Structures are given as C-alpha cells and as structure tokens.
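S.K.: Marked as NAD(+) binding site by TrEMBL: 77-90, 288-300. Under the heading substrate binding site, TrEMBL lists 97, 107, 135, 225. Annotation source TrEMBL lists Mg(2+) binding site at 225, 249, 253. The annotation domain 'Isopropylmalate dehydrogenase-like' is assigned in TrEMBL to 5-360. Here TrEMBL flags 142, 192 as site 'Important for catalysis'.
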Ligand code: IPM
Ligand code: MG
C-alpha cells in the first residue's frame, strides 16, 4: 500500500498556529501507530497572495488535485480588505472547493459534556447535542452567473444569482441520506421554497431522491428561516440537515455557536471518489483566521485537530483512530484545560495553543 498523501495549507491569521498543533498529531500517528503520511505544505489565501500575487497558485491547485486529502487552516485578514475581489484570500478557498468539486460540506455540531455550560443557550437545550449539517458547497449564489456590480443609468446595481441544477441537488441529497443511515436516520432539508424557485426545485428533487432511493430514512422539509429559529429553540430535534451553499454558511455558524465556541468545530468537504476509491477531500475548521488573536498563542487548535480526525475517518477509513483523537480531545476538556475562547464563568485552567496540542498528544499516549 502506498503512503497516504496530505497537502497542508495553513493559510492566514491563526491558521499556521493551529496547524502546527495538527502536525504534532500527524507525527504521533506515524511514531506510535505506524501510520505514516506523506505530508507536503504550501500557501493559500493572503499568504499565497503575498508570495505570488494570487490567493492560490496553479501549482498548489495541481498538488491539491493530486493528493489523497487537503488540510486547510484559515484564510483572510484585514490587510487584504483593500485587494480587488478577484484576488482576495477567500477566492483561493473557493477555487479549491470549485475545482476539486467538493459538493458536500459536512459540518458536525457536537456539544462536549465538559462544555455544555459554555453555550449561550440553557444547558438542557444543548447537552448531548450531535447534529450534522450538510451544506452544498460548489454551486448556488456563491458561483451563479450573472454576477457583478453594474451601472444602470446613474446608479450601481449589485447582482448575484441563485442557481441549482437537479443533479447538483440530487448528489448532495444522496450524501445527506447516506449520512443519516449511519446516524439517527433523519434528514431535514431547508430552503426558501415559499419565495424562491430554486427552493421549489430543491424541495422537489430532495423528495424524489428520498422516495426513489431512501424511503427508509425519515425526511422533513423546513423553510430556512424557520430552521434557524428551530435550531435555537430545540436543536436536538435534528439529526442531519441538508441545505444550500448560502443557507448552509449561515446555519452552520449558528449551529457551531450552540456548542459554545467556534473554536471547536471541524468540517469535511467531500467530492466524488477518485481512481483509488477515496473521495476528493478538503478538511478545515469552521472558524476563520481570527486576525485579532493571531500570533498570541490564544487560538484553540481543537477544531483543526478534529478536522484531521475527520480526514482519518472519511479519507483513510481509520474510524478507530479518528475516535481515538476525539476521545483525547474529550479527555483534556474533561480535565479542565481551556484555551482563551473557552474561558467561561467557571474559570478552568488556561492553556496556550501549543499547550492544548501537547495535552492532546499526552492524552493520545495515555490511550495506548
Ligand atoms: C465558511 C466561510 C467561507 C464561506 C468564506 C471564508 C469564503 O465563511 O467556510 O463558512 O463563506 O464559505
Ligand atoms: Mg461561514
């Protein structure tokens, strides 16, 4: 068997700091579990712009297409706000998603017991929460044409287009139904069929795929605004939520905060299987580059470490090792270790970014 390959793109802001902690976990897997990875590293986002004048160099894009999985930190920062839209750091990330055709974005929102009083919601509303948002990631208003800012008469008009084809809806719906079968067997599909034609089509296609291929899975539909309300009212009613690119962006931030901190949540973006049977895949934390705390050792590396755990599970069929990493995270949280984002009313030990990474490595050692 060939050594699995990983391309690491730390990116901007806290990206390099949290990725340094992921490297410790990767090294641990090589040293203690005999699971070596062929790791290479490259630039994305503002870091790539500074070096090459583009947020994603063509060579980096080619490498991303060739490896078994990509691991990304975060992109963006105030320094790049002045750049032309076409070379903003975010365009690098969007190009990776689009060209690798990573249509299914898995965003789990799980509440760790040790953190159930960190949520802004009551403890009983979030304790034990375990939901999975599947966001369509390569189409919709993020990519639809026409788009742009035009002059009409003597004023400017901004245009974006929400566009979905049947096959784009069908494939992400299948991802959601497959996921539901491995979990609580329930899917809730969210759109705005009351005001958008693309929402009507979304609802129809999800229902058709369900009736033809997944009648055993429980399916419901909700308008996305009502979905946001229900997510804050009683999130445990959901198992898998499937929704479009823009609604998924909003709803996954909302769901993330239910768990207390954006610094905890990983994501996987998956495409079609490659020749070796593995899906095209990019793993990244849900949080952004947090420029306000970059370089201070305050960032929480857990979301990025849990993203690597998702890579173990979804790209490399190493579900047991993924669980080992997740349990190690659970253990350090139960022990009271907290990065700055997790300093709640109960105080708790405050550790730096690298302190958290070291503690997780120690918990991994203890798991052997
Ligand atoms: C996300 C982010 C991105 C998005 C940005 C950085 C382009 O918010 O992954 O949720 O809008 O998709
Ligand atoms: Mg977002």
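Residue numbering: from 1, along the chain as shown.
For all residues, glycine too, the Cβ spot is worked out from N, Cα and C.
TrEMBL labels come from automatic prediction, so no person has curated them.
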S.K.: By the DSSP assignment reduced to helix, strand and coil, which category contains residue 107 (substrate binding site)?
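M.R.: The three-state answer is strand.
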S.K.: Taking the binding-site residues 77, 249, 294, 298, which residues show a Cβ-atom distance to ligand 2 below 6 Å?
M.R.: 249
S.K.: At the level of the C-alpha atoms, what whole-angstrom distance separates residue 294 (NAD(+) binding site) and residue 253 (Mg(2+) binding site)?
M.R.: 20
S.K.: I need the nearest neighbour of residue 253 (Mg(2+) binding site) among the binding-site residues 89, 135, 225, 290, 298, using C-alpha distances.
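M.R.: Nearest in space to residue 253 (Mg(2+) binding site), counting only the binding-site residues, is 135.
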S.K.: For a quick check of understanding: among the binding-site residues 290, 294, which residue's Cβ has the most other Cβ atoms within 10 Å?
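M.R.: Of the binding-site residues 290, 294, the highest Cβ count within 10 Å belongs to 290.
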S.K.: Which residues, same chain and not among 225, 249, 253, have a CB within 8 angstroms of the centroid of the CB atoms at the recorded Mg(2+) site?
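M.R.: Those within range, site residues removed, are 224, 228, 246, 247, 248, 250, 251, 252, 254.
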S.K.: Taking the Cβ of residue 89 (NAD(+) binding site) as the reference point, list residues of the same chain whose Cβ is under 8 angstroms away and which are at least six residues distant in sequence.
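M.R.: Those within reach of residue 89 (NAD(+) binding site), by Cβ under 8 Å and sequence separation of 6 or more, are 11, 12, 44, 45, 46, 49, 55, 75, 76, 77, 80, 289.
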S.K.: Whole-number Å only: compute the distance from the Cα of residue 85 (NAD(+) binding site) to the Cα of residue 97 (substrate binding site).
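M.R.: Between the Cα atoms of residue 85 (NAD(+) binding site) and residue 97 (substrate binding site), the distance comes to 17 Å.
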S.K.: Once the DSSP letters are reduced so that anything not helix or strand counts as coil, what is residue 81 (NAD(+) binding site)?
M.R.: coil
